[in-house]
Each structure stands twice: as structure tokens, then as C-alpha cells.
Amino acid sequence: MRLLHLDSSILTDTSVSRQLTAQVVQDLHAAIDDLHATYRDLAAVPIAHLSGAIAAGFRPLPQPASDAALVAEHALSEQLVDEFLASDIVVIGAPMYNFSVPTQLKAWIDRIAQPGRTFRYTANGPEGLAGGKQLIVASSRGGMYTQGPMASLDFQEAYLTATFGFLGVRDVHFVRAENQSRGPEPAAAALISAQASIADVVRSVGRGVAHARVEA
């Protein structure tokens, strides 16, 4: 059983999303015996943003790239998509930045959203090829976006749900800490609530993993 753990917050010790992913991963290891984890810190070791030359490597090239740096980028793209496809559980720390996801996380998504690998187009429309995974997103936001006047500005969780759904990942679980910029008391209460929700999320993921094993 393979786990892919990604953090994307530009903060370190004070990062709420990092606190949440750490607890999620710890609880997953406690609940699932044979769990082997791969970790990437997308902020500390950022992935280059997609360029035309990098994206060209998603398809067979007429002739191999000769530039060493570009060859390395093509190899990294393959490594990233292989890690994603091999994973049974994906845990992503995704704070909201300017109503969306960190640019570091977007760079990773742009590498793994590869035609023919994680999705394809058919006569009946697009088809995701990365199904069967359990995705847990540790979401931290400065305000309240699940309801109220700011809900229409949520291009973070909505984007992640749509993008991974397009890739075939339907089991998406959010561990959510809102109101992190609304003062110490609301922030602390929201974090405690998010931490308390992790146990239920881990149980749900465990059931999903067990069901997938039976089907396999």
C-alpha cells in the first residue's frame, strides 16, 4: 500500500496545513500496517512550472531532447506521474493563497495531468485514468469559504475537486481549518475542529482502501 504525501505551504513551523498533513499521515500509518510513504515538500524543493519544452515531453518526441536540463525535466515529469499513479492514498497540504492553491502545488498538478497517463479523451468525452485512489486534502484558509458571502471565491477546494475528479479520483476528503486570519480564538477553534475530524477521515479512507483491495 503506497502513500504519497505532499506539502505546498510556503510556511514551515507555523503552517496549519503542514500540521494537519503530519497528523493525517501519522494516523494513517497507525491504521494501515503496510503503508509505504513518499514525501515531497513542493515549497522547499519546488518543481519548475510547465513550459512548452517541458510539456512536449508528455508525448513521444520526434527526436530525443539533447539539452541536459530539459532531459532532466522530462525525467522528473515521468517520476512525478509514476509516483501519483502508484499511490493508493494521496495526502496534500493545500493552503488557500489568493482564493486558489499555492503556485508550487499547481506546478505539480500540471506535471501529473498528462494525456494518455492520467486522463484521455474518448468518443464519449474525457475519461480519468487515475481512479481507485483516496485523496485527503488538508485545507487551510484565512476566512470562511464553505458558506456565506465569500463562498463564491473558493477556487481552492473547488479547483482540487474538479481537477482530481477529471483525473478519475472521486474519493476526495477535506480536513479543513478556516478562519485562520480571523483572530487567535476563531483560528484555534477551527484548528481543533479540523484535527478532531481527522479520525473520521482516516476511518473512511481505511474502508475505501479495504474495499479496493477486495475488488483487486
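Backbone N, Cα and C define each Cβ position, glycine as well.
Here's what Swiss-Prot has on this protein:
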- Ser9, Ser15, Val16, Ser17, Met96, Tyr97, Asn98, Phe99, Ser140, Arg141, Gly142, Gly143: FMN binding site (BINDING)
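Here the binding-site residues are Ser9, Met96, Asn98, Ser140, Gly142; the one with the fewest Cβ atoms within 10 Å of its Cβ is Asn98. Around Val16 (FMN binding site), the same-chain residues six or more apart in sequence whose CB sits under 8 Å from its CB are Ser9, Pro95, Ser140, Ala177, Gln180, Leu191, Ala194, listed in sequence order. Under the DSSP three-state reduction, Gly142 (FMN binding site) is assigned to coil, being neither helix nor strand. According to DSSP, Val16 (FMN binding site) sits within a helical segment.
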